[in-house]
Amino acid sequence: MNWVGANLDLVVELTLTHARLSIVPILVGFVVAVPLGVFAWRFRWARGVTLTVVGLLYTIPSLALFVLLPPIIGISFLSELNVTIALSIYAVALMTRSATEALESVDPAVRGAANAMGYSGWGRFWAVDLPLAGPVLLAGLRVVSVSTVSLVTVGVLVGSRNLGYLFMNGLQRGIVAEIATGIVMTVLIAVAFDLLLALVGRLAMPWTQGAGGGRRSRRVARRIALTEGPT
Amino acid sequence: MNLFLDALAWLTDPERVTGPNPLAERIGEHLWYTVLALVVSALIAVPLGYLIGHTGKGRQLAVLGSGAARALPSLGLLTIFTLIVGVGNAQVAAIAVFVILGVPSILAGAYAGVEAVDRSVVDAARAMGMTETQILFRVEAPLGLPLLLGGLRSAALQIIATAVLAAYVGLGGLGIYIQRGISLRTYDEMLGGAILIVLLALIVDALFAIAERVARRAIGSAPSRGRPRSERPEPLSTDRQSTLEEIR
């Protein structure tokens, strides 16, 4: 506790930077992956290729990606962009799979009913498919958010300044409290983001509270919350 | 791209066999950590997952575990455990961290595999007079094998990735090339090491993918990630489509 008191400014500064570094990949993940997911869902031929590529991407260990990415895209090895882009790649990879599964979790009978009511093509997509895919999309986004916040810490090894700094500095100086502070703050950011996303989900999809929402989409959402995650 | 040619040259240099930090030794370390941690994680997680799946109790534990494993930063766990047990025992600390990060995926796989078994199949087994243990080991466990393998696959990848960080607490493994490369600015070494790590992860991933496929074939089910044909978005005439879907 003494350590925290003496270094409060540093902890606050690193926490804010850490949160800032996490936001861009999470947003990019959502914005890029939903169209990709739609693409994989609409065109059967695209599904296999897309899902295989994203599956391979998040097989890559994070530190290896941080090292391999700069020469591939031609940026400086220590650039802050490096960590942002690498984590965006993971976010997109993870979210594309969730988005595809989200759209597939929509009950075909509902889709049939929408067709029967005269919806077609994109009209049906915006009014029926996308809202009903919402709960699974949200489950995917929450996984992306938590894992991104945690993965940012590895960036310290390639020069990114974030809460991971407390881990390496604490290790060198032998201060357990410093590392513990880093872990606690990382988890707190993850929890704060998670609660925020849950709240946004609730506001955007009021029908998911209580008994609403399909059984099937709830099952898929739970499976994503259980099993997905980059390394 | 020049950098990658340098990395390739570094990888194929005879120094990698005869010099300090020989590749075979580091790969061996990395694999050893991975296998050991995976086995220990499985010994803890599989029985627990089967218990949760079979009884349906404690699901929240599985969900909580997955959430925690994602939220806890692996580098933080690795450094704090090393400090607590002392740098001399870093190996124990590292294995403990790998196990902590490996258990939730395997638990989720074991539990989801058992839970996904059709309830009517379980009821049929019970009606045939099987005991609960027999149901678990002869019905639920074999049918849930593909999902369990999926869990082991995620755990293995998670452990391989975390073992890369083990170099930073002095444990070698393939991460040592990245660590040395960054601090000494030997980019060929750094990239060469990263390439090896990616290859290792891809190979392990592919092996598990094959095992999953074999298991699926053995129990005679279609891949669960496959898309049921009824969900093809293409327009049959609308009422025919919904009738067809009902039949399916």
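Each position is counted from 1, following the chain as shown.
Cβ atoms are placed via backbone N, Cα and C, with glycine included.
Among the features that TrEMBL reports, domain 'ABC transmembrane type-1' is placed at B:27-208.
The region 'Disordered' feature in TrEMBL is assigned to B:221-248.
TrEMBL lists B:31-52 (among others) with the feature transmembrane segment.
Marked as transmembrane segment by TrEMBL: B:61-86 (among others). Tertiary neighbourhood of the transmembrane segment (B:61-86): same-chain residues 49, 52, 92-94, 96-97, 100-101, 103-105, 107-108, 111, 158, 161-162, 165-166, 168-169, selected by CB-CB distance under 8 Å and a gap of 6+ residues from either end.
Taken from TrEMBL, the feature transmembrane segment applies to B:92-114 (among others). For the transmembrane segment (B:92-114), the list of distant contacts is 33-34, 36-38, 40-42, 44-46, 48-50, 52-54, 59, 62, 65-66, 68-69, 72, 74, 77-78, 81-82, 84-85, 136, 140-141, 143-152, 154-156, 158-159, 162-163, 166, 169, 171: same-chain residues at least six beyond its ends, Cβ to Cβ under 8 Å.
Per TrEMBL, the feature transmembrane segment maps to B:135-152 (among others).
Under the heading transmembrane segment, TrEMBL lists B:158-178 (among others).
If you look up TrEMBL, you'll see B:190-211 (among others) marked as transmembrane segment. Listed as Cβ neighbours of the transmembrane segment (B:190-211) (distance under 8 Å, sequence separation of 6 or more from its ends, same chain) are residues 3-4, 6-8, 10-11, 23, 27, 30-31, 34, 149-150, 152-153, 156-157, 160-161, 164, 174-178, 180-182.
Long-range contacts of the transmembrane segment (B:135-152) within the same chain, counting only residues at least 6 positions beyond its ends with a Cβ under 8 Å from a Cβ of the stretch, are 38, 42, 45-46, 49-50, 53-54, 105-110, 112-117, 121-122, 125-126, 208, 211-212, 215-216, 218-219, 221, 224.
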